[in-house]
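Worksheet for the structure shown next.
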């Protein structure tokens with residue numbers, strides 16, 4: 001009984017810890033949805049009654065805007081044609097990413113940020129409960145199936161590794177399975193969810209700048225460094241690493257004025 005009581009307390013603590021972790025993840029998912037809802041509501045048009053003068057002025061502005069838009073659209077079409085002509089042969093046949101930088105497939109839809117992946121799977125029939133499903137998230141494998149029903153919706157190796165302890169799933173409205181996978185490598189875009197999926201062209205991914213604030217401190221620092229280095233290269237200026245090396249060499253030269261560096265070549 002002493003041993004039983006000893007390990008029962010430990011088991012209760014582990015259960016409470018896991019329950020707290022699940023509740024925290026669900027809270028984060030809820031907050032993320034609320035933020036998205038606030039963004040959509042902020043974009044909804046506001047109704048305002050106009051006077052005849054204001055309406056006439058608006059019509060004139062719309063005509064002028066239409067001309068500008070038409071001109072810009074023509075340029076965009078030309079630019080798109082040029083991009084298609086210059087497309088890398090290695091990217092031929094790859095799909096264009098969806099609005100969430102993922103892919104829309106017949107049985108499910110997945111989207112991604114640099115830090116995580118969301119998978120939405122509509123269930124084949126309504127009214128199912130969590131106990132009717134098998135959702136197994138492994139480090140490099142994902143399985144989603146309705147119990148006693150073949151084939152599985154997903155049962156394949158993931159393209160890259162994920163953090164099992166940070167990945168979660170839940171059932172929305174008894175109709176959709178929502179899976180959140182936490183990436184191990186937060187510095188790369190996935191070209192597919194599982195290895196059997198069609199590949200998307202990651203070169204056409206368009207990350208939202210606002211998503212930078214959603215990243216953790218370490219990942220955000222790495223992304224900002226990459227963006228800075230990219231801008232420096234475009235302007236023909238040294239990257240952060242190159243600048244660091246130059247500063248170290250400059251400091252060394254200042255500390256040793258007796259040495260002649262005129263014939264040295266630095267790279």
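From the backbone N, Cα and C atoms, a Cβ is placed for every residue, glycine too.
Some features that TrEMBL has for this protein:
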type: REGION; residues: 1-101; note: region 'Disordered'
type: COMPBIAS; residues: 1-50; note: compositional bias 'Basic and acidic residues'
type: COMPBIAS; residues: 57-72; note: compositional bias 'Low complexity'
type: COMPBIAS; residues: 73-83; note: compositional bias 'Basic and acidic residues'
type: DOMAIN; residues: 103-194; note: domain 'CS'
type: REGION; residues: 228-248; note: region 'Disordered'
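For the compositional bias 'Basic and acidic residues' (1-50), the DSSP-based tally of helix, strand and coil residues reads 42 helix, 0 strand, 8 coil. Under DSSP, the residues of the domain 'CS' (103-194) split into helix, strand and coil as follows: 3 helix, 49 strand, 40 coil.
The average pLDDT computed over the domain 'CS' (103-194) stands at 92.
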